[in-house]
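Features of the protein shown, as given by Swiss-Prot:
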- 4-24: transmembrane segment (TRANSMEM)
- 38-58: transmembrane segment (TRANSMEM)
- 68-88: transmembrane segment (TRANSMEM)
- 101-121: transmembrane segment (TRANSMEM)
- 137-157: transmembrane segment (TRANSMEM)
- 175-195: transmembrane segment (TRANSMEM)
- 214-234: transmembrane segment (TRANSMEM)
- 259-279: transmembrane segment (TRANSMEM)
- 290-310: transmembrane segment (TRANSMEM)
- 323-343: transmembrane segment (TRANSMEM)
């Protein structure tokens with residue numbers, strides 16, 4: 001396995017670790033509605049950071065974006081909006097299926113769709129079937145799915161042991177939402193594929209290869225921001241128990257506390273895709289769709305590890321922790337199989 005591929009896998013791991021930890025600051029926000037908290041964090045992660053970093057990277061910010069036709073920008077934006085819809089469905093999936101089953105189904109579907117649909121759309125799927133390296137990467141995707149399934153099973157054992165149930169368990173509704181979440185969340189993978197002309201243009205301007213994907217986030221995350229912020233603002237305006245004015249009428253120290261924690265959560269959320277871009281840049285071009293598989297499987301891996309570190313698995317017994325550990329090992333094996341496949 002080449003050093004470039006190894007570093008690509010490593011940066012995807014770092015990005016996934018940030019994704020697994022980003023909600024920790026949000027949990028310490030006090031007396032704010034979820035909608036206000038999510039909006040503040042989202043403004044930081046989807047608008048301020050992508051724009052600020054792109055302004056630093058690009059020699060002429062406005063000239064860069066105005067150089068693209070609508071036919072180039074629109075698919076990137078719409079796939080970003082598609083991914084934003086997946087974000088909204090993610091929370092609803094947890095509500096009706098519970099954390100473990102919801103995450104397992106949603107992540108499993110988005111891993112498959114986001115990884116395999118890209119080469120199909122690009123007409124390169126035959127390379128996966130007809131080459132040794134392609135078959136190895138497909139095997140890695142399958143092993144990753146098995147690992148996600150094992151971690152999901154560990155979560156179910158944990159929830160059963162601790163007596164945790166879904167907020168409003170509804171299998172039929174939950175499965176529909178999980179499938180929708182999985183499909184729509186893959187929009188980020190499709191957006192990155194559609195944004196290749198933007199990456200190439202950034203490279204032509206002398207932007208470091210590690211950073212060429214970052215300017216496209218202005219458009220991708222702009223699409224996601226409209227969906228997420230629109231959802232939050234509509235609820236803040238329509239739901240009687242929610243009030244943006246009330247949330248910002250608290251004591252000034254508490255408002256500052258909440259804003260800073262929400263902004264930190266937004267920063268950590270953004271960093272997952274900052275390092276995703278670094279990892280994506282190191283993956284061989286013919287296997288760039290594997291970035292999504294690495295990100296999603298490492299997200300599950302890091303989520304399990306973070307749970308152990310935070311002692312969320314204490315008092316659950318030996319079996320759930322053993323199953324979780326097995327699932328984490330399988331995901332690590334999957335990443336190595338994919339790495340070997342790309343090297344071939």
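Glycine residues also receive a Cβ, built from the backbone N, Cα and C atoms like all the rest.
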With a cut-off of 8 Å between Cβ atoms, can you find at least three pairs linking the transmembrane segment (323-343) to the transmembrane segment (137-157)? Only pairs 6 or more residues apart in sequence count. yes
Residues outside the transmembrane segment (214-234) whose C-beta sits under 8 Å from one of its C-beta atoms, at least 6 past its ends, are 35-36, 38-39, 42-43, 45-47, 50-51, 53-54, 57-58, 64-65, 73, 76-85, 87-88, 188, 191-192, 195, 198-199, 202, 207, 273-274, 277
Spatial neighbours of the transmembrane segment (101-121) not adjacent in sequence (6+ beyond its ends, CB under 8 Å) are 86, 89-90, 93-94, 127-128, 141, 144-145, 148-149, 151-153, 155-156, 166, 174-175, 178-179, 181-183, 185-186, 188-190, 193, 288-290, 292-293, 296-297, 299-300, 303
Here the stretch out of 4-24, 38-58, 137-157, 175-195 with the most C-beta pairs under 8 Å to the transmembrane segment (259-279) is 4-24
Other same-chain positions with a Cβ less than 8 Å from the transmembrane segment (137-157) and lying at least 6 residues past its termini are 99-101, 103-105, 107-108, 111-112, 115-116, 128-129, 287, 290, 293, 296-297, 300-301, 303-304, 316, 319-321, 323-324, 326-331, 333-339, 341-342
